[in-house]
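The structure under discussion appears below in the form of structure tokens.
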Amino acid sequence: MAVSASYWILFLCVCVIFVSAQPSGKGRSLVVVQGSDIDQVVKDILQSGLTTVFLPIVYIIVFAVGLPCNAMAIWVLLFRSKKIHPSAIYMGNLALADLMFVIWTPLKIAYHLKGNNWTYGEGMCKVLVGFFYGNMYCSILFITCLSIQRYWVCAHPLSQQRKNNKLAVIVSVCIWIFIWVSTTPLYLHKQTYESAELNITTCHDISSVSQENYKTNNMFLDVQLPYYYFMVMAGLVFFIPMLVIIAAYVLLLRSLGKSAIEGSAGKTRQRAVVLIVTVLITFLVCFIPSNVMLVVHHSVQEKSWANNSYGFYITTLCLASLNSCLDPFIYYYVSDEFREHVKNTLLCRSSRTVERMRVSFSSMKYSKKNNTYTSSTGPTESSTC
């Protein structure tokens, strides 16, 4: 299954490259020399409803849904959850990564509503770009950890939790260090481009090279570095984790299948299937199109081929941000405890109220088994349940 999925993605990459690259026609290479005119195709897209209406609507949805959902997830995991387990550690880090990106989306919304005009400076543009890719790669890695952990819990239910918690903390710290180091090259590359023709300054939408570097053919930082960077990241942080996730869920379903034969599965299997579908939707909508198009876009630029896929490229990058809205659904289906805490938080129930309800429900359950109700003061009349 994992091998067939990898073949389909490879086939998709080849098809998109074939469609995107053309020997001649309207489009041209998207590397623009500072001070020169922008390609007409790019100009039309930057002035179209795609970038000035559709993209800001998507980012508004990301902000409106992602901010409260991830803030609530962090609140629940920090202040409501009494038991610390590896899944909670990974979910907390995933929610933090999403929240750190979502708080920057108002700048992205304003940028597109102003007609793709960035007015916050080169430094802020680099920070926004760094947080965008940091969030995407963080999400992939922590979803991978959650998938492995989900399988491990089903396959080894008696494993020592303390050791697993320590391992989860170490893995989480390593992921954050890796993301911090791996996003550093994004800050070396110029992200803004000033267009005198359109009277706007774009942020990460147009790759540009200085006239001096263009004359000396020194375009490593502007063209080659982004190409090598996104090729390596697509392989290490997208393709390999995706294969690991597929393998983990195949093994999980097999493990649950054995439990079903023994008669101990049921709701667990159903919940696992919903979780798998949610993760697959996240990958299909957010990560596969964006990572494929990043590879295609920078390959086309590096080879100086003409490009017809600019609109598709910026659309898939925008859709990648939807993972901040979909991730909370993953938390919801990973942990029973998390689901209960979310329900109680939404109903404004305090921890004491929840504890009282749990004790009351347990005593009623016990009473029903014995067909009698008992009270703390002594025996009362029994009643049939």
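A Cβ is built for glycine as well, from the same backbone N, Cα and C atoms used for every other residue.
Just so you know, TrEMBL annotations never went through curation; they're auto-generated.
If you look up TrEMBL, you'll see Cys125-Cys203 marked as disulfide bond. In the three-state DSSP classification, Cys125 (disulfide bond) falls within a helix. Around Cys125 (disulfide bond), the same-chain residues at least 6 positions away in sequence with a Cβ under 8 Å from its Cβ are Trp118, Gln191, Thr192, Cys203, His204.
Under the heading domain 'G-protein coupled receptors family 1 profile', TrEMBL lists 69-331.
According to TrEMBL, the signal peptide annotation covers 1-21.
Summarising the annotation, TrEMBL assigns transmembrane segment to 53-78 (among others).
Annotation source TrEMBL lists transmembrane segment at 90-107 (among others). If one looks beyond the transmembrane segment (90-107) by at least 6 residues along the same chain, the residues whose Cβ comes under 8 Å of a Cβ in the stretch are 59, 62-63, 66-67, 70-71, 73-74, 77-78, 120, 124, 127-128, 131-132, 134-135, 138-139, 142-143, 145-146, 149, 168, 172, 175-176, 321, 323-324, 327-328, 330-331, 334-335, 338.
The annotation transmembrane segment is assigned in TrEMBL to 127-146 (among others).
Annotation source TrEMBL lists transmembrane segment at 167-188 (among others).
Feature annotation from TrEMBL assigns transmembrane segment to 227-252 (among others). When Cβ-Cβ distances below 8 Å are used as the criterion, the transmembrane segment (227-252) is approached by residues 1-2, 5-6, 9, 133, 137, 140-141, 143-144, 147-148, 150-151, 154-155, 182, 185-186, 272, 276, 279, 283, 287-288, 291, 294-295, 298-299, 301-302 of the same chain, each at least six residues removed from its ends.
Tertiary proximity for the transmembrane segment (272-290) is limited to same-chain residues at least six positions away from its ends with a CB under 8 Å from its CB atoms, namely 9, 12, 136, 139-140, 143, 147, 150, 154, 238, 242, 245, 249, 252-253, 256, 316-317, 319-323, 326-327, 329-330, 333-334. Positions annotated as transmembrane segment by TrEMBL: 272-290 (among others).
The transmembrane segment annotation in TrEMBL covers 310-334 (among others). Below 8 angstroms of C-beta separation, residues 16, 20, 27, 30, 41-42, 45, 50-51, 54-55, 58-59, 61-62, 65-66, 69-70, 72-73, 87, 91, 94-95, 98, 101-102, 105, 132, 135-136, 139, 143, 146, 150, 205, 271, 274-275, 278-279, 281-282, 285-287, 289-290, 292-294, 296-297, 342 of the same chain, each at least six residues beyond the ends of the transmembrane segment (310-334), sit close to that stretch.
Within 10 Å of the Cβ of Cys203 (disulfide bond) there are 25 other Cβ atoms, across all protein chains. Averaged across the domain 'G-protein coupled receptors family 1 profile' (69-331), pLDDT in this predicted model comes to 85.
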